[in-house]
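J.: The structure under discussion is supplied below as structure tokens; questions concerning it will follow.
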């Protein structure tokens, strides 16, 4: 049994050595923007590509271009590999959709799956719109709220951002009313407040936005019966996705070997137990017969 367990353990070890790097090699890295993906004109932005796979190089590419691919050697810190790409002071020709890739030492010309796309937007190019709330900036809990973004400029699209959230909502501008173009953003029943801003843009330059509207603080008063967190609000019950991915992957790999080891131990213990019972069988029978004989003698004495 011992030789079999050792053999299976060796097979499993070499299988893991061959399979684990390939799985990690296929896993896509993550791409972040610092200080954020909405960048004012002439402001510096850094794009960070990172992964829990130990990539040797990272590549950064902007969609629609062929000569803008950047390549950096990855830094390995605390089980994470990363590279920081500085794209300089923000200009209109630097705005767009970016993705990054990773490569490992033994396959320098083969790349991982691409990261999720990251849209880098330049702001501050046009006149700022106005942002207002209906029925007002202070509402009762559960009361419906609509934010209206409007401008004298003929923007095709309006974008609404919430402080602390990564993504924006967008709506097409409606017909011109009283000399202004407007888009309404229904927020539904109010459960929590927040600070909002809006921007305007044109169809032919979707990554070039206007200046930000003045911030609008929406306050909610009262205690709603059912208050739900924002979809982007982190839950205390939700762990780090990277750590969960590694934990689940390791558990799946270990499970077959654990089952096999349990089966072999169970079989070995069963064989040992059966052998022990067979050795003790005759002695057990003799003991039972002796007790029966004593009982019969006792009964004979009682009735004599």
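Using N, Cα and C of the backbone, Cβ positions are placed for all residues, glycine too.
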J.: Which residue range, 227-245, 246-264, 265-283, is the one Swiss-Prot calls transmembrane segment?
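T.: Transmembrane segment, as annotated by Swiss-Prot, spans 246-264.
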J.: According to Swiss-Prot, one residue in 84, 285 is annotated as N-linked glycosylation site; name it.
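T.: The N-linked glycosylation site feature in Swiss-Prot corresponds to 84.
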J.: Can you dig out which of the ranges 200-219, 220-239 Swiss-Prot describes as region 'Disordered'?
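T.: Among 200-219, 220-239, the range Swiss-Prot annotates as region 'Disordered' is 220-239.
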J.: May I have the DSSP-based helix, strand and coil counts for the residues of the domain 'Ig-like C2-type 2' (142-205)?
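T.: Final tally across the stretch: 0 helix, 39 strand, 25 coil.
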J.: With H, G and I counted as helix, E and B as strand and the rest as coil, say where DSSP puts residue 100 (disulfide bond).
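T.: Residue 100 (disulfide bond) sits in a strand per DSSP.
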J.: Select one residue from 67, 84, 178: among these glycosylation sites, choose the one with the most other Cβ atoms within 10 Å of its Cβ.
T.: 84
J.: Non-local Cβ contacts of residue 198 (disulfide bond) (under 8 Å, 6 or more apart, same chain)?
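T.: The list for residue 198 (disulfide bond) reads 129, 131, 147, 149, 158, 159, 160, 161, 185, 212, 213, given in order along the sequence.
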J.: Tell me, which recorded positions from 49, 67, 100, 178 are within 10 Å of residue 84 (N-linked glycosylation site) if we use the C-alpha atoms?
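T.: Those near residue 84 (N-linked glycosylation site) - Cα within 10 Å - are 49, in sequence order.
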